[in-house]
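Peer 1: Before anything else, here's the structure in question.
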Amino acid sequence: MFVKLQNIDTSSFHKLYPIQTPITSVPISISPQINTSEHQSIKKQHLILVNSVGVAKKSSTSNGNRIKTDVAHQVFVRKSDRNEEDNGGMRKVRDYNGEFRDKDRVHTKWARYGGRIAAMLEALERVKDLDKALRPWKDTLGKKERTIILKEQTCWKRSLEIFEWFKMRGCYEVNVIHYNIMLRTLGKAGIWNKVERLWDEMRRRGVTPKNSTYGTLIDVYSKGGHREKALNWFVLMQKQGMEPDEVTMAVVVQMYKKAGEFRKAEHFFKIWSADKYCEEKRGTSAATNGAVDSEYQVHICLSSYTYNTLIDTYGKSGQLKEASETFAWMLREGIAPTTVTFNTMIHIFGNHGKLGEVTSLMQTMDQLGCLPDTRTYNILISLHTKHDNIELAADCFRKMKEAALEPDLVSYRTLLYAFSIRHMVSEAETLVSEMDNKGLEIDEFTQSALTRMYIEANMLNKSWDWFNRFHVVGNMTSECYSANIDAFGERGHILEAEKVFRCCQEKNSPTVLEFNVMIKAFGLNKRYDQACQLIDSMEGQHGVVADRISYNSLIQMLANAELPHIARSYLRKMQEVIVVNDCIPYCAVISSYIRLNQLEEAVSVFREMIDSNVHPDVIVYDVLINAFADIGNVNEALHYVNAVREMGLSMNGVIYNSVIKLYTKVGCLKEAEEAYHMLLSSEMGADVYSSNCMIDLYSKRSMVEQAEEIFDNLRVKGIANEFSYAMMLCMYKKLERIEDAIQVAEKMKELGLLTDLLSYNHVLGLYATDGRFKEAIKTFREMLKSGVQPDDSTLRSIGVVLVKRGVPKQTVNNLEVMWKKDQHNGLKEWTDTLYSMDVKADDDDEIYIADDV
């Protein structure tokens with residue numbers, strides 16, 4: 001529906017969406033049209049009904065009285081026929097299937113047609129035999145009446161039965177409009193063989209398809225998921241020399257939009273509008289007999305539906321500017337935006353986080369008197385929950401009710417999920433109570449979300465009661481059982497997870513999905529034996545074959561638990577029953593062996609992988625390169641580096657880091673520099689680890705300038721860490737650049753980078769060597785307070801301080817022996833000796849010894 005606007009202030013939107021030109025290269029204007037099906041005269045106080053003998057009767061609808069039916073039809077509605085019953089004051093009629101329907105609703109539903117059509121439709125709904133149902137009108141049934149009868153059927157079988165009855169009677173002409181209705185009815189029901197049979201029948205009967213026929217076929221096939229066939233109908237239409245009208249054009253745009261081919265949708269519309277413009281322009285030129293043709297005299301008539309489709313297409317493709325321009329142009333052309341238009345615009349801008357524009361849209365909607373509907377509020381609720389404005393979302397829900405709009409399932413589910421993930425138990429339970437009172441079904445997604453809510457709110461009994469409520473009914477699917485198993489298992493409630501799994505086995509045969517989630521739950525709770533037992537029993541005891549996910553999940557958990565030998569046995573079993581073409585499970589087992597320093601076993605698994613024709617990726621190679629680099633085995637590490645190059649795999653940053661670490665360990669400066677420069681030029685760039693390796697390599701060779709260059713680069717980037725500073729400190733100390741070393745030490749303390757035992761030892765050694773006893777003791781005290789346990793190197797530096805302050809060498813040696821025998825009491829002797837020599841950092845300082853030292 002669209003209405004020409006006369007005096008609408010659109011300045012607010014022109015400010016928001018200023019445009020100079022329309023979205024296409026052709027001028028578009030809209031002629032005012034009225035859609036009579038949407039604009040009934042609802043303000044009329046009376047409806048005129050015509051009975052079968054042609055006598056007009058008036059029946060007031062303002063007081064809610066039922067509309068009277070014609071005399072001839074009263075034979076079918078007599079209460080004595082036991083087809084009508086009272087139900088608390090609401091009268092019901094029985095249809096031909098034996099189901100009772102609200103009698104008043106049935107009448108009101110068809111009253112808009114006026115005349116005798118309501119009586120015909122009611123008869124068809126209640127009487128199965130068509131000859132009996134239509135007997136009063138069989139000789140006077142008109143084309144329009146037959147069209148409405150077909151259009152109003154809700155069951156495709158009944159519609160087809162009536163259609164065949166019309167043809168069988170012989171006295172009724174079945175025209176292209178009737179075929180169009182049947183094509184749409186059967187297409188919506190997905191009865192494609194009958195759609196094609198009907199199309200063939202049209203050709204045999206000589207019924208010429210119209211533009212609308214092709215548009216109908218394109219629409220139903222597209223919506224039915226058969227896009228290629230829909231396109232075939234479009235091609236056939238063009239071959240017949242028919243150009244798509246606006247309705248068909250919008251259907252094709254919708255088809256492309258649903259398929260995600262937004263550029264094709266836009267291109268098709270522009271081609272169509274350009275062709276239509278040229279066609280209209282030629283018609284205008286001919287009409288004016290060669291008069292001067294102005295572009296502004298040529299108009300293409302579009303409906304608000306087309307604008308809405310275009311706006312939605314642009315929105316879904318992320319083209320906000322084009323969507324805004326289309327909306328602004330719609331306003332400029334005087335087309336009244338509908339609630340659908342505003343909903344689309346709000347949805348588009350809301351999804352892109354443009355909340356200011358959403359507010360402006362709501363204000364303009366109010367200014368134009370366009371009332372929001374349930375979908376409007378649903379969009380706002382979803383938008384606010386996504387931006388964590390739960391109060392605003394709840395407020396929208398309240399306002400929807402205040403506006404006398406009934407929240408639907410989407411309203412409840414969206415808000416209910418938002419409450420559940422925030423553990424808003426009371427609010428969630430209130431919504432559930434409302435849904436129960438309204439008889440609204442709680443879907444499985446919502447059910448599992450609330451199970452998680454109760455679990456995470458430490459309300460285990462309620463979570464179980466909530467699950468059991470749906471389990472007892474017996475309508476839960478495998479996906480829902482799996483979600484509940486996962487909810488309990490992830491939070492460590494393995495017993496409850498097992499109970500859900502057993503409940504699933506009681507109600508229906510579990511699928512591989514439930515087994516996989518249960519295996520995961522056992523793994524998360526370190527029940528590895530039970531996980532293995534479960535996968536072993538799947539096929540033999542339950543008739544369920546373990547799939548790739550089953551084995552991958554088990555292998556990963558066993559490998560992470562440092563049980564690579566067990567994981568390897570399941571890897572072999574997996575290879576026997578499933579074609580494994582993924583190196584991920586192999587990599588997990590290899591990594592597990594490496595963490596246990598079992599390199600021979602790791603290499604053995606790697607060879608098994610190659611023998612099984614599974615191609616390793618760079619991650620597998622990196623794991624092996626890194627392992628051999630750690631032990632300084634250059635030959636083995638380089639062997640795998642060369643293998644990467646031979647396979648044509650790109651050397652990523654991780655491998656370069658491993659290679660640099662390898663060359664650093666064995667002192668290969670040139671090779672390390674080459675790898676580092678390659679890493680610098682890569683997309684990843686050099687990280688702090690590889691840079692620290694190079695600083696270490698340069699510092700060992702006293703290459704100060706090169707080390708300082710890398711260190712300064714790290715500082716500028718803000719990624720220099722404790723080890724970067726410690727290595728520079730060591731280099732300056734070795735070169736006897738004590739002041740530089742002291743500056744580095746002070747900077748480390750200032751930045752809070754003094755946390756590691758090795759770094760403390762470097763700083764303590766520096767202070768002891770330089771005679772900075774006060775700083776050394778203060779650093780030692782901070783070290784103990786931080787919980788870092790000293791080692792022999794630490795106490796050697798403290799021993800230097802004591803000896804230089806006059807403590808006999810033998811006393812220091814005795815302290816070292818005591819420390820080795822009993823570290824806790826030995827450390828206490830060290831600190832007591834420091835106090836006795838009066839070398840505390842400050843008079844009020846106190847040496848702190850942690851209880852766990």
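Using N, Cα and C of the backbone, Cβ positions are placed for all residues, glycine too.
A TrEMBL annotation is a machine prediction, not a hand-curated record.
According to TrEMBL, the protein has these features:
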- 175-209: repeat 'PPR' (REPEAT)
- 210-244: repeat 'PPR' (REPEAT)
- 303-337: repeat 'PPR' (REPEAT)
- 338-372: repeat 'PPR' (REPEAT)
- 373-407: repeat 'PPR' (REPEAT)
- 408-442: repeat 'PPR' (REPEAT)
- 582-616: repeat 'PPR' (REPEAT)
- 617-651: repeat 'PPR' (REPEAT)
- 652-686: repeat 'PPR' (REPEAT)
- 687-721: repeat 'PPR' (REPEAT)
- 756-790: repeat 'PPR' (REPEAT)
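Could you tell me the structural context for the features on the list?
Peer 2: Within the same chain, residues 143, 146-147, 150-151, 153, 156, 159-160, 163, 166, 216-217, 219-221, 223-224, 226, 240 sit at least 6 positions outside the repeat 'PPR' (175-209) and bring their C-beta atoms closer than 8 Å to a C-beta of that stretch.
Packing against the repeat 'PPR' (210-244) from elsewhere in the chain are residues 176, 179-180, 183-184, 186-188, 190, 192, 195, 199, 202, 251-252, 254-255, 258-259, 272, 275, 279: each is 6 or more residues past its ends and has a CB under 8 Å from a CB in it.
Residues 339, 342-343, 346-347, 350-351, 353, 355, 358, 365, 414-415, 417-419, 422, 424, 427 of the same chain sit 6 or more residues outside the repeat 'PPR' (373-407) yet have a Cβ under 8 Å from a Cβ within it.
For the repeat 'PPR' (408-442), the residues of the chain that approach it from at least six positions outside its boundaries are 374, 377-378, 381-382, 385, 390, 393-394, 397, 400, 449-450, 452-454, 456-457, 459, 470, judged by C-beta separation under 8 angstroms.
Across the repeat 'PPR' (582-616), the model assigns an average pLDDT of 94.
When Cβ-Cβ distances below 8 Å are used as the criterion, the repeat 'PPR' (617-651) is approached by residues 583, 586-587, 590-591, 594, 599, 602-603, 606, 609, 658-659, 661-662, 665-666, 668, 678 of the same chain, each at least six residues removed from its ends.
Secondary structure by DSSP for the repeat 'PPR' (652-686): 27 helix, 0 strand, 8 coil.
Nonlocal intrachain contacts for the repeat 'PPR' (687-721), taken as residues 6+ away from its ends with a CB within less than 8 angstroms of a stretch CB, comprise 653, 656-657, 660-661, 663-664, 667, 669, 672-673, 676, 679, 727-728, 730-731, 734-735, 753.
Mapped onto DSSP classes, the repeat 'PPR' (756-790) shows 26 helix, 0 strand, 9 coil.
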Peer 1: DSSP on the repeat 'PPR' (175-209): how many residues come out helix, how many strand, how many coil?
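Peer 2: Counting residues per DSSP class in the repeat 'PPR' (175-209), I get 27 helix, 0 strand, 8 coil.
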Peer 1: May I have the DSSP-based helix, strand and coil counts for the residues of the repeat 'PPR' (338-372)?
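Peer 2: Output for the repeat 'PPR' (338-372) reads 26 helix, 0 strand, 9 coil.
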Peer 1: I'd like the per-state residue tally for the repeat 'PPR' (210-244) from DSSP, helix first, then strand, then coil.
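Peer 2: Looking at the repeat 'PPR' (210-244) with DSSP, the answer is 26 helix, 0 strand, 9 coil.
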Peer 1: Counting each residue once, how many in the repeat 'PPR' (303-337) are helix, strand and coil under DSSP?
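Peer 2: Computed counts for the repeat 'PPR' (303-337) are 26 helix, 1 strand, 8 coil.
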